[in-house]
Amino acid sequence: MSILRDSGRHYEWQYLDLMRRIWEHGDERVDRTGVGTRSVFGAELRFDLSDGRMPLLTTKRVYWKTATREFLWFLTGNTNIRPLCAQGVEIWTDWPLDRYRKETGDDISRKDFSARIVADEAFALRWGDLGPVYGKQWVDWPVFEPVGDGLFRRREAGVNQVADVVDSLRHNPGSRRHIIEGWNVAEIDRMALPPCHKTYQFHVSGNRLNGLLYQRSCDVALGLPFNLWGAALLVRLLAQQCDLQPGELVWMGGDTHLYLNHADLVEAQLSREPEGDPRLAILRRPDSIFGYRIEDFEVTGYAPQGHLSAPVAV
C-alpha cells in the first residue's frame with residue numbers, strides 16, 4: 001500500500017501541494033514558448049494502483065477517455081494526428097497547425113484545420129505528421145545494420161520496446177532493464193516536440209508490478225494530469241498482460257513548471273479540495289498489449305469538480 005493512502009490523506013493532495021509549491025516558491029524563468037513559467041527542479045509523486053485505483057484528479061475534470069485514446073495511439077506507433085482528429089482528440093493539433101500557418105500564411109482555424117486533416121488524406125500526409133515522436137520510439141526504435149565497407153542501412157523492423165518489456169516481465173521479472181525510452185538523440189530534431197514523459201521503468205515485487213515515469217519537462221496544470229493517467233494505464237495493461245497485480249506508480253519530474261498564463265486555473269484549482277475515489281476496470285484481456293480498444297475501459301466513482309481550462313503553450 002502507498003504510504004500516502006496508509007496515512008489517510010487523499011492521493012490528490014500531493015499534486016495540489018506540488019502546484020502550490022511551484023506557484024508560491026518557484027523560480028520565474030523565460031522558456032522556449034516565450035510565455036514564461038514558475039519552475040522547480042526535481043519533484044516526486046507516488047500513487048497506489050491496487051484494487052483499480054488510478055491517479056485521476058477530482059479538483060477538475062480530466063478527460064480520461066481522451067487521454068486513453070492518445071495512449072492507445074502511442075501503442076500503434078503512428079505519428080500522424082489524423083487518427084486522433086477523427087476521434088475528436090485535439091491534444092497534438094496545435095503543433096502541425098502552427099507549422100501550417102507559418103509556412104503557408106493561411107490563418108485557418110483549428111477546427112477547420114482538424115476537419116481537413118480528417119477529410120483529406122493527402123493534406124494529412126503533408127501537414128499532419130509529427131515526426132518520430134513517442135509511439136514511434138516505443139514500438140519501432142530504429143536499428144542500423146552494417147552492410148560492409150563501413151556502410152550501414154536501417155533495418156526494416158526496429159526495436160519494439162513495449163513488446164520487449166512484456167516479454168522480459170514474463171520471463172525475467174527480476175531484471176532491472178524493464179525500460180521504455182522515448183529520448184532518441186539522433187531523431188530529436190525531427191520531432192514536433194521532443195518527448196517530455198521520456199523514460200518508463202518497471203519493477204516486480206512479489207506479484208506486484210510497480211512503474212516509474214521520469215519526465216524531463218512537465219506542464220503541471222495541463223500536461224501532468226494526462227501523464228499520470230497514461231503512466232498508470234501502462235502499468236495496468238502490463239500487469240494484466242503479465243499476470244501481475246498493479247502496485248505503485250512513482251512519478252519524477254525534472255523541470256516541473258506552471259505557465260504564467262495559467263494563473264486563473266491554478267488559483268481556482270488550489271481553492272478546491274479533492275474528493276472521491278475513482279476506479280478503473282479493464283473489461284477485456286486481448287491477446288496482446290496492442291489489442292486494447294477504448295471500449296475496454298470503464299471508470300466508476302468519478303464525480304469531478306467543474307472544468308478548468310487554460311491555453312496550451314506551443
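Every residue gets a Cβ built from N, Cα and C, even glycine.
What Swiss-Prot records for ARG32, ARG176, ARG177, ARG216, SER217, CYS218, ASP219, ASN227, HIS257, LEU258, TYR259 is dUMP binding site. Within the same chain, residues at least 6 positions away in sequence whose Cβ sits under 8 Å from that of ASP219 (dUMP binding site) are CYS196, HIS257, LEU258, TYR259, ALA313.
The active site, nucleophile feature in Swiss-Prot is assigned to CYS196; the stated evidence is sequence analysis. When secondary structure is read from DSSP and collapsed to three states, CYS196 (active site, nucleophile) falls in the coil class.
The (6R)-5,10-methylene-5,6,7,8-tetrahydrofolate binding site annotation in Swiss-Prot covers ASP219, ALA313.
Here the binding residues for dUMP are ARG32, ARG176, ARG177, ARG216, SER217, CYS218, ASP219, ASN227, HIS257, LEU258, TYR259. Their largest Cα to Cα distance works out to 36 Å. A coil conformation is recorded for ARG32 (dUMP binding site) in the three-state DSSP classification, outside any helix or strand.
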